[in-house]
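Features of the protein shown, as given by TrEMBL:
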BINDING   B:ARG355  substrate binding site
DOMAIN    B:29-346  domain 'Aminotransferase class V'
MOD_RES   B:LYS200  N6-(pyridoxal phosphate)lysine
Protein chains: 2
Amino acid sequence: MSQSDFKQAPHKLLLIPGPVEVADDVLLANAHPSMSHVSPDFVPVLGDCIRMFRDVILAPESQPIITAGSGTLGWDHVASNVIEPGEEALVLNSGYFGDSFAECLEVYGSKVTQIKAPIGSKPSLEEVEAELKKKKYKVLTFTHVDTSTGVLTDAKALGDLVKRVSPETILVLDGVCSVASEEIRMDAWGIDVVLTASQKGIGCPPGLMLLAASKKAIKAYENRKTKPNSYFSSWSKWLPVMKAYESGTGAYFATPPTNLIYALHASLTTITKGKTSIEDRWAQHIAVSDQVKNFVKDLGLKQLVADPSKDGAHGMTAVRYPEGLKAPDVLPKMVARKIVVAAGLHKECKDEYFRIGTMSESVVNKERGDIDYLLKNLKEALEEAGYRK
Amino acid sequence: MSQSDFKQAPHKLLLIPGPVEVADDVLLANAHPSMSHVSPDFVPVLGDCIRMFRDVILAPESQPIITAGSGTLGWDHVASNVIEPGEEALVLNSGYFGDSFAECLEVYGSKVTQIKAPIGSKPSLEEVEAELKKKKYKVLTFTHVDTSTGVLTDAKALGDLVKRVSPETILVLDGVCSVASEEIRMDAWGIDVVLTASQKGIGCPPGLMLLAASKKAIKAYENRKTKPNSYFSSWSKWLPVMKAYESGTGAYFATPPTNLIYALHASLTTITKGKTSIEDRWAQHIAVSDQVKNFVKDLGLKQLVADPSKDGAHGMTAVRYPEGLKAPDVLPKMVARKIVVAAGLHKECKDEYFRIGTMSESVVNKERGDIDYLLKNLKEALEEAGYRK
């Protein structure tokens, strides 16, 4: 067979907030023959990925780091390179992932203060401003989209706030569930670290941690009084390696996951050099998100996000089960229709809702018809479970 | 096309000490459609990998951990879970990777003593015994095969020594370049941690860290007075997740690299359930290693390993350039013949030698004819460079 004939095997439609459906060319790239990680064939592939990642988050000034891992590993990068033991971190908590980022920061010695919002909402700018004025925070972290709740935090407003109130604070955007599906203008908004993973908006299989650091974040790392207190996440190791790959020469610290880098190259090429701009891509995600949110509203269902028009993410929707129905009444009926959506994740209410992921391939490749198929079957599954509006 | 028709694209023959050539079924598995990491379809796939990894290292008593990462990340696991800050670690240094493991241990607070062997050899058992008697070491680490030098360390003898002289010491085998290519009997030999990566003897693309911990190692972790001082590597996170996957229920800490897990499942299935036993696999690696080592000897070339018959690895060979020739005289001529071998890696002599990797698919799949093709072309390339025996 010719490589260009490759089509992925038939499978259930995956519409969870990551991993997401992946294009055939990305999967074929993941089946690339083995390559030396320091060969002249491979080095520019990773170099291109570094450059293209900057284009996805509009961050020409930033230094990306791309390694094997997952979004979780991005927290270790922040906690062990940007902030030092004993320094203060402010964590904005809009769901499960705020708790976890806070825990990671504490493992590496940060003193953490959290502003916890009620489930389905986010800390207000007024609360954040008041807290930033109380003491000198080395870092401020927020979950751009909390995958457990579907709450979107206003990154631009936080960038403006930090510039105005606490300009030395390193502003960290956890973009695991937002990069390439939500508007992010890292440089213009004054974001200092964007961290993410490969299996959501970027449209790749899971297995990669992607991070970008501003000049301010790099300076904070360079000005450390103590050495980075992790090894696999240490910027003293990765910064020279990333610079070497970008300049076209290989370097070694840990073997890069070469096949996933080829897959990433394919997906980033589509995102940054395809027919549509990154702005168009954000707009496509908004349109599909609106379509899903309006559909569930018309069905008479409520969302976990208190005010979806203001705080709702555009790559996922967290939907409350209608009264009387629970996960076992609904999710297996979706699976029977060859659709996988996700159960709830937030520990305080995980049995009360389910999550629909609408990112990347299912959104931008209209020919697949994934969204129409989802909505038609969601309605039928609920009706079969006995739900009437 | 049918999935079973999949053949990887034509490419240069990769014979470096990892990544290695990968079988078509493994690459096709790496192109598996996206799957939910907690779905009933995927959970048993990772569960099987955990069970099969035990079979590769003959460690039915051990607890495996498999995550996104690389061999390097395995050091973080040891340094932040098994040993506590201020405790003593003894590192046996047979090349580049001993230096790095020692550095990683120090990052997490261990007090490290190294026994450094001259390049091309390993610390003697007498030296190790004398050092173990000097003080109480919490861990003893060794690089089973140092990828920079091709030196093989005698794991069984070290297991016996520790049992006799310092039975409380946790014995850590860095098996990045040895698992599934060298004989390892973890339980019988008294090895407490085996750590490795996916892209060498296991015959998978890179991107996975695989580790197995003995009951003694788990007990050392459980008896810590301090919490693990890493997050992405914390056993407090991974042990419950691994137990959940093995028991058939999903659990979440960080998203597993689902596609690589499918690829690993394919390769481990071949290794543990294929036509040949793991003992046969070791023997195949010895036979091919002997063939390569005898061939270069007959060509009049020397190896980096001082005594290859005693200390030589069976999955790689480090060959000194003949007098008057250097890397640019030889390696490009191999590339012109569509073969990629590796440059030297040890910082003190990296320009004096090159490395040939003979692990996994190129060894066990004789039909490929990789080894004969290698040896024929190596001879021709050297002759073309002006070398005569």
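Placement of Cβ uses the backbone N, Cα and C atoms for every residue, glycine included.
Curation does not apply to TrEMBL; its annotations are automatic.
Within the set of recorded positions (B:LYS200, B:ARG355), the lowest number of other Cβ atoms found within 10 Å of a Cβ is recorded at B:ARG355. Distance noted between the C-alpha atoms of B:LYS200 (N6-(pyridoxal phosphate)lysine) and B:ARG355 (substrate binding site) is 14 Å.
Mean model confidence of the domain 'Aminotransferase class V' (B:29-346) amounts to 97 (pLDDT, 0 to 100 scale).
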